[in-house]
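A.B. asks: Questions regarding the structure given below will be posed in turn.
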Amino acid sequence: MRKILVTGGAGFIGSAVVRHIIRNTQDSVVNLDKLTYAGNLESLTDIADNPRYAFEQVDICDRAELDRVFAQHRPDAVMHLAAESHVDRSIGSAGEFIQTNIVGTFNLLEAARAYRQQMPSEKHEAFRFHHISTDEVYGDLSGTDDLFTETAPYAPSSPYSASKASSDHLVRAWLRTYGLPTIVTNCSNNYGPYHFPEKLIPLMILNALDGKPLPVYGDGMQIRDWLFVEDHARALYQVVTEGVVGETYNIGGHNEKANIEVVKTICALLEELAPEKPAGVARYEDLITFVQDRPGHDARYAVDTAKIRRDLGWQPLETFESGLRKTVQWYLDNKTRRQNA
């Protein structure tokens, strides 16, 4: 049985990872999270009292606290998800992204390296540092049907993706220079329960239920590949336990959809699942409002997942249709939680 330190474990993807490990394995989890606006411990209520779960409210930029957590809990692996992740916020406030995503990752790498140096030899060799990143580091696939592979060159477009690209490079450098056994994964857009409502899918669901406009950037034809968060959590655990040191694995759902198609699909699901609409709303689709496009908006992201499917045998269990239906139903069934999401 392993003990895994999960940074950002109160966030959307991190909490799915924590829930997956506690519910489906015998491993223990130390959840390290600063609890920013997007962190939500309610997403972990069901497992919070499990004896294999512990929580530490710590900022990854605080090196002294990181050293304390490593010394106290003595993890066998790190799954690093703590990050500022919203592109729009990065455009207006890039400094927070530089600090958390780059400086914070540096601090965590150094704390992990110092900790590993004093581990017993058998645990020293088995230790893993799994860095969870994004397909946005690869840039844009406009005008092509190609997919990003793990060897695609980096071409980040936003302060967010540039900060994640920087952290990816740090992680690989700590393997090359110091021998820290690192693995990197790059994922496509995630969706599912407990998502903070600044992101596209939860924002559309919650705005529609409140009778508010559904803002769609530009013409809505930007294409994203969508991955159900629980499928991603399974993949991440499989990578940290079975992945090869020094390798990168792309994780995606192979569900390429234009943003406007996603919004219209949500509207259609709500017509079926929530037919009693807010006052003054005849059809949910009538709420769609096209707004000025985001600066530097990438036209298309999509990743090739052949490597993780071939090498680790992972594949998603949810289609976009089944996953989106589960997501919409969750928000309908969890009114109080969705208000606090």
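Cβ atoms are placed via backbone N, Cα and C, with glycine included.
Swiss-Prot lists these features:
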- 12-13, 33-36, 59-60, 81-85, T100, 160-164, N190: NAD(+) binding site (BINDING)
- S85, T134, N189, 199-200, 215-217, R224, N259, 293-297: substrate binding site (BINDING)
- D135: active site, proton donor (ACT_SITE)
- E136: active site, proton acceptor (ACT_SITE)
- Y160: active site, proton acceptor (ACT_SITE)
A.B. asks: Which one is it, among the recorded positions K34, A82, S85, Y160, that lies nearest to N189 (substrate binding site) by Cα separation?
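C.D. replies: Nearest candidate: S85.
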A.B. asks: What does DSSP call L200 (substrate binding site) in the simple three-state scheme?
C.D. replies: helix
A.B. asks: Ranked by the number of other Cβ atoms within 10 Å of their own Cβ, which of the binding-site residues K34, K164, R224, H297 ranks first?
C.D. replies: K164
A.B. asks: Relative to the Cα of S161 (NAD(+) binding site), which of the recorded positions D135, V216, R224, P295, H297 has the closest Cα?
C.D. replies: D135
A.B. asks: In which DSSP state, out of helix, strand and coil, do we find Y160 (active site, proton acceptor)?
C.D. replies: helix
A.B. asks: Return one of helix, strand or coil for S85 (NAD(+) binding site), based on DSSP.
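C.D. replies: The residue in question, S85 (NAD(+) binding site), is coil (DSSP, three-state).
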A.B. asks: Near S85 (NAD(+) binding site), meaning Cα within 10 Å, which of D135, D293, P295, H297 (recorded positions)?
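C.D. replies: Those near S85 (NAD(+) binding site) - Cα within 10 Å - do not exist; the answer is none.
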A.B. asks: Taking only the Cα atoms, work out how far R224 (substrate binding site) lies from D59 (NAD(+) binding site), in Å, as a whole number.
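C.D. replies: One finds 31 Å between the Cα atoms of these residues.
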